[in-house]
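Trainee: Just dropping this structure here.
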Amino acid sequence: MTAELIDGKAIAQALRRRIAERVHALQERGVVPTLAVVLVGEDPASQVYVRNKVAACAEVGIRSRKYEFPADVTVERLLACIDALNGDAEVDGILVQLPLPPHIDETLVLERIAVAKDVDGFHAENVGRLVQGRECFWPCTPHGVMQLLAWEGIEPQGMDAVVVGRSNIVGKPMALMLLNAGATVTVAHSRTRELAAHTRRADLLVVAVGKPEFITAEMVKPGAVVIDVGINRLPDGRLVGDVAAEVREVASRITPVPGGVGPMTIAMLLENTLLAAQRRRGTAP
Ligand SMILES: Nc1nc(=O)c2c([nH]1)NC[C@@H]1CN(c3ccc(C(=O)N[C@@H](CCC(=O)O)C(=O)O)cc3)C=[N+]21
Ligand SMILES: [Mg+2]
């Protein structure tokens, strides 16, 4: 079997067109959804990501504002910026680009963001709401995976799903979303014994470990749907996922890297910002 590629780039583009229509409908009512992006330091990768996010906003009619700070910024200055954005009626969403420099307590900064503006969904109150299956902001990467599955007509209910990775930004929220959708969910990770025995049982395998080509063909059930969340830059400059190329000979459907989950993450940031604007300004459908 050779897996069909799930074209995240094309799906994200289609979703962005729909988001643009909804943004324009809001604009006709005098509301311009606005995202504030906070960037600390000069990490080139973070600068590229932020530039891409700002460009994606512009494309759909979301206004964005960039707040840049030097790497040695004090936590007090950062918190003061968040406080000002929380109190700014024009700002719908706030995104603090991660990672932050080591001297800054990330949790302290993320928890300062008003829950109603937390478009990354990293605030503990949003996470708690996700656990309970209540209305909240879904973290963009697993949100993007759920949209990919929906677009592909893959219904998680009743599926044996295995999530590899237990990070707060991908693995844990991914497991919760699949669980809430009715999947039987196993969360495996770097400390799991007999990892392959778990992954081989998966009808749906989501991998977010950040290790290049970590999942090999013999770890995958024939016919499984494989979602590769990894984005690893190799020394030669190539971008590869957490799933080895040979898995394409075993899976039924698989996301490529690049062009799979990554573009969906950005589309979901736009979706969440639009939702924030609708919810905050009382125009939610
Ligand atoms: N507060 C915060 N929220 C985030 O959502 C967040 C963050 N911090 N810090 C960094 C990570 C990473 N991330 C990506 C988004 C899009 C692509 C993406 O579009 N990737 C393209 C390729 C990009 C390339 O060529 O490098 C693809 O997979 O096709 C990748 C990675 C969001 N992050
Ligand atoms: Mg792990």
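Backbone N, Cα and C define each Cβ position, glycine as well.
Keep in mind that TrEMBL annotations are predicted by a computer and have not been checked by a curator.
This is the feature table in TrEMBL:
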type: BINDING; residues: Gly165, Arg166, Ser167, Ile231; note: NADP(+) binding site
type: DOMAIN; residues: 6-120; note: domain 'Tetrahydrofolate dehydrogenase/cyclohydrolase catalytic'
type: DOMAIN; residues: 139-280; note: domain 'Tetrahydrofolate dehydrogenase/cyclohydrolase NAD(P)-binding'
Trainee: Hey, what's the Cβ neighbour count for Arg166 (NADP(+) binding site) at 10 Å?
Mentor: 18
Trainee: Using DSSP, how many residues in the domain 'Tetrahydrofolate dehydrogenase/cyclohydrolase catalytic' (6-120) fall into helix, strand and coil?
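Mentor: In the domain 'Tetrahydrofolate dehydrogenase/cyclohydrolase catalytic' (6-120), the DSSP-based counts are 61 helix, 18 strand, 36 coil.
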Trainee: Please list residues from the chain of Ile231 (NADP(+) binding site) whose Cβ is under 8 angstroms from its Cβ, counting only those at least six apart in sequence.
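Mentor: Set apart from Ile231 (NADP(+) binding site) by at least 6 residues yet with Cβ under 8 Å, we have Leu239, Gly241, Val257, Pro258, Gly262.
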Trainee: Please report the number of other Cβ atoms within 10 Å of the Cβ of Ser167 (NADP(+) binding site).
Mentor: 16
Trainee: Taking ligand 1 as the reference and 6 angstroms as the Cβ limit (strictly under), which binding-site residues among Gly165, Arg166, Ser167, Ile231 are close?
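Mentor: Listed by sequence, the hits are Ile231.
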Trainee: Checking proximity to ligand 2 here: which binding-site residues out of Gly165, Arg166, Ile231 have their Cβ closer than 6 Å to it?
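Mentor: From Gly165, Arg166, Ile231, counting a Cβ under 6 Å from ligand 2 as near, the near ones are Gly165, Arg166.
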Trainee: Across the listed NADP(+)-binding residues, Gly165, Arg166, Ser167, Ile231, what is the farthest Cα to Cα distance, given in whole Å?
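Mentor: Site span for NADP(+), by Cα atoms: 16 Å.
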Trainee: Among all the protein chains here, how many other CB atoms are within 10 A of the CB of Gly165 (NADP(+) binding site)?
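Mentor: Looking across every protein chain shown, the total is 24.
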Trainee: What mean pLDDT does the predicted model reach across the domain 'Tetrahydrofolate dehydrogenase/cyclohydrolase NAD(P)-binding' (139-280)?
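Mentor: Average per-residue pLDDT within the domain 'Tetrahydrofolate dehydrogenase/cyclohydrolase NAD(P)-binding' (139-280): 98.
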Trainee: May I have the DSSP-based helix, strand and coil counts for the residues of the domain 'Tetrahydrofolate dehydrogenase/cyclohydrolase NAD(P)-binding' (139-280)?
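Mentor: Residue counts for the domain 'Tetrahydrofolate dehydrogenase/cyclohydrolase NAD(P)-binding' (139-280) by secondary structure: 55 helix, 26 strand, 61 coil.
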